[in-house]
Structures are given as C-alpha cells and as structure tokens.
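J.: Submitted below is the structure of interest, expressed as structure tokens.
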Amino acid sequence: MSRLRARGRRRASRIHPALYLFPLPALVLYVVFFAVPTLQAVQYSVTDWDGFSPDFANVGIANFRDALTDDDLFRNAATNNLKFMLVVVVLQTAFALLLALLLARNSRGGILLRALFFFPTILSSVSVAFIWKFVYDPNFGLGNRFLGAVGLDGLQSSYLGDDAAAIYWVALSQVWFHVGQMMVLFIAGLQAVPRELYEASAIDGAGRWAQFRHITWPMIAPATTIVVAYTTIQSFRAFDLILGLGGNPPRPSLDILSTRIYATFVNSEYGYAAAESLLFMLLIAAITVAQRQLLGLTRGSV
Amino acid sequence: MRYQLGRRAVLAVWAALIVVPLTVVVFGTFKTTAELFESPFSPPGSLTLGNYRAVLDGALGTAFVNSVLVTLASVALTLLLASLAAYACARIPGWVGWVVFGFLVLGMSVPAQANMVPQYVLFDSLGLLDSRLGLVLINVVVTLPVAVFILGGFMRTLPRDLYEASAIDGAGPWRTYRSIVMPLAMPSVAATAIFLFVIHWNELLYPLLFISSPEKRTIPLALLSFQGEYLTDYPLLFSGVVVASAPIVLVYVLLQRHFVAGMTAGAVKG
C-alpha cells in the first residue's frame, strides 16, 4: 500500500512536459511585441531616422546630447514634470493618509465614504479632464463661482490660462483623481496595526499625537513607501489628463515628458523620440531608486 | 469632541469636492449651455435627452461599440494568457519557473513611451495599425506583466499537495488548470479582471497612436476629439463623460468591494 503511494507520489511530483507549453503564448507575444521593441528603442535612439526614409545615419550619442543640452522644449517638459511630480506626491500622500486615518475604522458611514472617495479613480482621465475643465473655466467655472460666493473674489484666477500656475492646477486635479486609491492602500496598512499597541500606550498616558508619532507612523512605513512609489509613477503617466486639459499637443506650460515624447514622435522624429524615451525611463528608474534609499524600503513591502 | 468635529468637517469637505462636480456634470447633461452657465447647481428643468442623442448619434455611438468589443476581447485574452503563464511558473520547479516569471513581470517597470516607437513600426509592418485587432493585441501585451504578477502571487499560495492529488487522479496539466486551479483562483481572477477592465476601457495612448479612421475610435479617443470640435459646449462634453463612464460605474456599484481589491492588488504584494 505504502509502496504504491510512494510510487504515485514520485510520479505526481514529476512535471508533465506539457506544462512547459503553458507560458509560451504569453512569452511569444511578450518577446515579439514588447521585449524586442524595448531593445529596438535603444537601436533607434542613436540614429536620425524619420520613420520613412530607407536610409538613415548613425548619429551616436548626438540625440541624447541634444535633449540634455540644446532642446528647450525637452528641458521645459522635464521641469514641468518634476514640479508636477513633487506637488502630486506630497499632496496626494498627505491627503490620502489624512483620509485613511479618519476612515480606518469600519463604520457603515465610513465604508460608504471610502467608496465615494475611491470613485474618481475608475473614471477615464479624459472624463476627469472635462470635469476639471469646467471647474477651471475662468468665466463660468465652479472654482471662481465658489470663490465669488464666499466673498473671496480676490483669489479668483484664470487657472489653466495662467502659464506660471497651470501645471499646479493640473496637479490638483490629479490628486482629486487618485487620492482615493492611495487612501485605500493606507487603510489596509492601518488595519494591520495591532490594537493592543494603542491600548498599551493609552495606559501609559500617550495622547493622540504621541500614538501617531510612535506607533502609527512607524507601522505604516511600508504602506507609505508603496503609496509614494505608486504616486510617482502615476505622475509620469498623467499623459491623458494633460492632453485633456492642455490640448493635443499641450501648450508649453502644460507639456510634460510623456506628452513631449509623443509630440516628437508624431513629428516623425523617430530616432530622437526614442532617445528621449530612454532618458525618460532612466529618470523614472533613478527617482525610484532614490526614493527607496530615502524611505528605507522595508523588506518585503513591495 | 473637538477631534470629532474636525473629523466630520474634513470628511464633509472632501465628500463635497467629489459630489458637487459630479452632480453638476450629470445635471448639466440635461441643460443647454446657457442654462448650465446660468445656474450650474440647480436641478435640470426637464429631462430632455437631446444631448445624449447628439453624442450617441455622433462619434460616441460607434466608439461605444468599439470600446465594448476591444475591452472584452482584451480582458479575456490577457486573463487567459496570464493565468496560463502564472500557473505554469508557480508549478515548474527550480529556477526555470522563477526566471520566466521574473522576465514577464519585468515589463511592469517599462513606461509605455519607452517602446512605443518600435511598437508602432512593428504594428505598421504587420498591417495591424488602424484595426481593432491591433488594439486588442497591444492591450494584451502591455497588461500581461501586471496580470502575471497579480495572478502569480495567488498561484504560489496553492499547496503542492493539490497538484500531486490531481496528478494521482490522472489529470494532465490542462485538466488541472481548468478544473482545479482556475476555480480556486476565482477571487484573484475576478480582481484582476476588474483591474484590466478599468485599464482597457480607459486606455487612450494606443488608440491615439494606432487608430486613424473615425469609425474605429474607442471611447476615450472619441471623447478627446470632442475637445477640439465642441470647445465649450459643456453639456455635450458632459453627456460624453456620462456615456463613457456608465458601464464602469454600473459595475462599480454592483461589485464595489472587488473593485477596490482589483485596483490595489497590483500595488500590494500577494
């Protein structure tokens, strides 16, 4: 009996060869349409190919040098992108944490509010852009109307029409768009904190702030790391929102890296667009690594 | 007491920030531009469907059908390929499974702009530009990494004994996948499906790159092209927003819990 079972077990733990075929469809598509094109981008980036001409020249690192030193449009987009990222990361993380702290306990009203705050995340970015276009409309928009109603006429603004501030207004709509998603991540982190810690500290006479400072904050460090990393990546993917609010192609005051690369590509500068996109990728990678260092990524949190 | 008061105030302000604009949008779809500018907050005087008729008869009607077809095909195909790969990678012993899994998942860290130029050239040479099939294909390829990642996390939690038992009962890998693994993986498959549904339904970049004929546009692309055509006809834009969001909002209201699970599954391990 046991010999039979041992034999069965041996046979069972052998892998059926057909199993090796299972990842093949995914692998083939992924290699042909994703991995190879990613490598080809490197190849394109050192050429001046316009997408049509059969012959094009190898220009070495000229594209990269131009993007970094000569190209005001690219530099403008990078600056805008960094401003946008900083504002979005700081505000979105802060508001998401605040809302999560207020809604971490499971009350019925709280669950309803969580669902409401999460809701904008599922909308398409173009829809969100149209909603905010109306809020920001200088003549008829909800923003100025509200300020007028509460007697703050002095704060009324032309919003996206104000070149210096436009990118920050888009940053606010981005926060509105995704803060609920980040709130949910924080709530998951908060609910994992053992209750006993709070009870014990309350006995020791710790106040609300002391509890937050010494228990909550350290315990949700992994969630914070995830939220900051996720929010950063999202701020580089704001492409749709920018096109919706800033036009296609967007005005220079609203141009970010993703829209700049797209515009270069549409302009048939294939080689140059590829070089820009590699710089884009390097920048994201560098920021991600820097964040991991700064936030002291806790092992196993991502 | 002061804390409770502050808490309520913050939550009320935030709720208003979401409810007020959305209400204005929905009310606005029943108004004329003049009415909307006159009194954006007031309920509509009549429930005329003129704006909806205008957007549905125009670009958005066709786009809606295209979006449904492309989204359903993309979600189904991504789930099939990703679940097969994730299952096999969890099951194949030693380094092979891990290497294949790691290689597939690596794509998550590549931003769309990084490879779009060669992808465009490749799709062009294969005659897949300006076709719904091409959109499905690029959707699948781009979301495979994250789908494999989420499903792989679940597949690794299935106990080895399960596979052994099914092998002893004479089930091959396909049978095991179909009758044992997939039914057990249903919660994580459902979460992934919703996650993919939101991404594919809202996808803008690839339609923008690949589609040139107006009759092949998907909803986000048709919506974006509104912006140029009806510069400040907000009632029409708002009707577009409502039509574009209707299917996703409907599913959200029905499956709220799964939505949250789906949209955060990619961010948290396992």
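Cβ from N, Cα, C; glycine included.
Pasting the feature list from TrEMBL:
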DOMAIN    B:64-255  domain 'ABC transmembrane type-1'
TRANSMEM  B:9-30  transmembrane segment
TRANSMEM  B:63-88  transmembrane segment
TRANSMEM  B:95-114  transmembrane segment
TRANSMEM  B:134-154  transmembrane segment
TRANSMEM  B:180-201  transmembrane segment
TRANSMEM  B:234-255  transmembrane segment
J.: With CB pairs under 8 Å as the measure, which of the listed stretches B:63-88, B:95-114, B:234-255 comes out on top against the transmembrane segment (B:9-30)?
T.: B:234-255
J.: Of the stretches B:63-88, B:95-114, B:134-154, B:180-201, which racks up the most C-beta pairs under 8 Å with the transmembrane segment (B:234-255)?
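T.: The listed stretch sharing the most Cβ pairs with the transmembrane segment (B:234-255) is B:180-201.
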J.: Using a Cβ-Cβ cut-off of under 8 Å, list the residues of the same chain that are 6+ residues beyond the ends of the transmembrane segment (B:63-88) and lie near it.
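T.: Answer is 56, 97, 100-101, 104, 132, 135-136, 139-140, 143-144, 147-148, 151-152, 154-155, 173, 177, 181-182, 185, 189, 192-193, 196-197, 200-201, 216-219, 221-223, 243, 247.
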J.: For the transmembrane segment (B:134-154), could you work out the same-chain residues 6 or more beyond its ends whose Cβ comes under 8 Å from its Cβ atoms?
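T.: Counting only partners 6 or more residues beyond its ends, the transmembrane segment (B:134-154) has Cβ contacts under 8 Å with 70, 73-74, 77-79, 81-83, 85-87, 89-90, 101, 104-108, 112, 119, 123, 128, 185, 188-189, 191-192, 195-196, 199-200, 203, 206-207, 210-211, 218, 265-266, 269-270.
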